[in-house]
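According to TrEMBL, the feature transmembrane segment maps to 17-37, 58-79, 156-174, 189-208, 220-239, 290-314.
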Amino acid sequence: MASPQGSRAPLEFGGPLGAAALMLLLPATMFHLLLVARSGPARLLGPPPYLPGLQVLWSPRMLLLWLTWLGLQAALYLLPARKVAEGQELKDKSRLLYPINGNPIYDFFLGRELNPRVWSFDFKYFCELRPGLIGWVLINLAMLMQEAELRGSPSLAMWLVNGFQLLYVGDALWHEEAVLTTMDITHDGFGFMLAFGDLAWVPFTYSLQAQFLLHHPQPLGLPVASVICLINAVGYYIFRGANSQKNTFRKNPSDPRVADLETIPTATGRQLLVSGWWGMVRHPNYLGDLIMALAWSLPCGVSHLLPYFYLLYFTALLVHREARDEQQCLQKYGLAWHEYCRRVPYRILPYIY
Ligand SMILES: NC(=O)C1=CN([C@@H]2O[C@H](COP(=O)(O)OP(=O)(O)OC[C@H]3O[C@@H](n4cnc5c(N)ncnc54)[C@H](OP(=O)(O)O)[C@@H]3O)[C@@H](O)[C@H]2O)C=CC1
Ligand SMILES: CC(C)=CCC[C@@H](C)[C@H]1CC=C2C3=C(CC[C@@]21C)[C@@]1(C)CC[C@H](O)C(C)(C)[C@@H]1CC3
């Protein structure tokens, strides 16, 4: 098993200070969001309505439920009838790097182990896709059912949020293999960021719109709903088109679906696409993802900022992620990457950013 960073790799996320701040801020933000979502004013920026006591936060029954959920997912993950796919080659082919003076806070946040495994059970890959993403859908569904119980039937807004996010999670599971080339799997260790991100942040904050709708019903007419569906469809079309084009190209550059695309050769022998989706901006998949994020918030109306939290957080995450990826690509491809940036000057939003 290898360390995700070499001993002289530059520190990311603001180094140990940034990592320490994030480890405090992320759980605090998550609790804040959950508390204000069920309060009357639901103010994203206001103080929480009350602070729950320890006896409310600690429940052996909930812990048992959560462990059962993880156990069930782990059992399903271990089922023998599954496709086995090859992951990315490790960066340090010949020898492992073990920095002697590792920074404990930074390492705890980002993780020291790139691929922690017990036998064939890969903790990071397992957590990235299954318990959190499926948990998110289940929480959404619980909100929908509770709304039906409270108000006789689920609202149109609740149906849209559930439908859009189910499509997103279904897509991630359907294209499961593609997750192997994301920077979480190839570059980041399995530390607090991904463990907390996958197991708590995703299910509890990504389902915020459905939680908000349960406590703050929003009227939504068919014409507006149709426009929102169209926005989600456009976002999904770009997101899926861009991701599939790159994945197909990386698997087999002579595949007829991508063989006609223009490319730049790099010193590593790999090529970079400069036409098709990847000729429009340098991260077309992020653009599609952000458009979908907007469509997930719109059914919640415009009276509150809270349901737009995901869009705001996600914009910040993707801008930061884009900068990290840029750094990694510059290291991998050097001059060829400069040439790509010259040919495709915009990062995420054409003519703007
Ligand atoms: N919902 C959520 O919370 C999140 C969703 N996402 C989504 O996950 C998906 C994956 O994102 P992410 O892992 O960040 O990165 P990408 O899928 O965008 O992959 C970036 C890599 O693609 C390759 N690449 C870049 N440009 C080109 C090009 N022109 N031609 C060919 N290959 C190229 C490079 O790797 P190489 O050359 O080595 O192949 C680069 O490192 C995205 O759709 C994103 O929106 C991401 C984070 C959070
Ligand atoms: C600061 C903070 C909260 C960090 C945690 C970030 C994580 C929540 C995200 C990092 C990359 C992710 C991806 C997905 C979910 C969120 C996290 C874990 C993803 C599984 C969602 C579904 C997509 O289709 C995807 C498979 C492309 C995606 C991969 C990256």
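Every residue, even glycine, has its Cβ placed from backbone N, Cα and C.
Since this is a predicted model, take the numbers as computed values, not measurements.
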Interface-richest range of 58-79, 189-208, 220-239, 290-314 toward the transmembrane segment (17-37), CB pairs under 8 Å: 189-208
Close approaches to the transmembrane segment (220-239) from elsewhere in its chain (Cβ under 8 angstroms; 6 or more beyond its ends): 155-157, 160, 164, 167-168, 171, 277, 284-285, 287-296, 298-299, 301
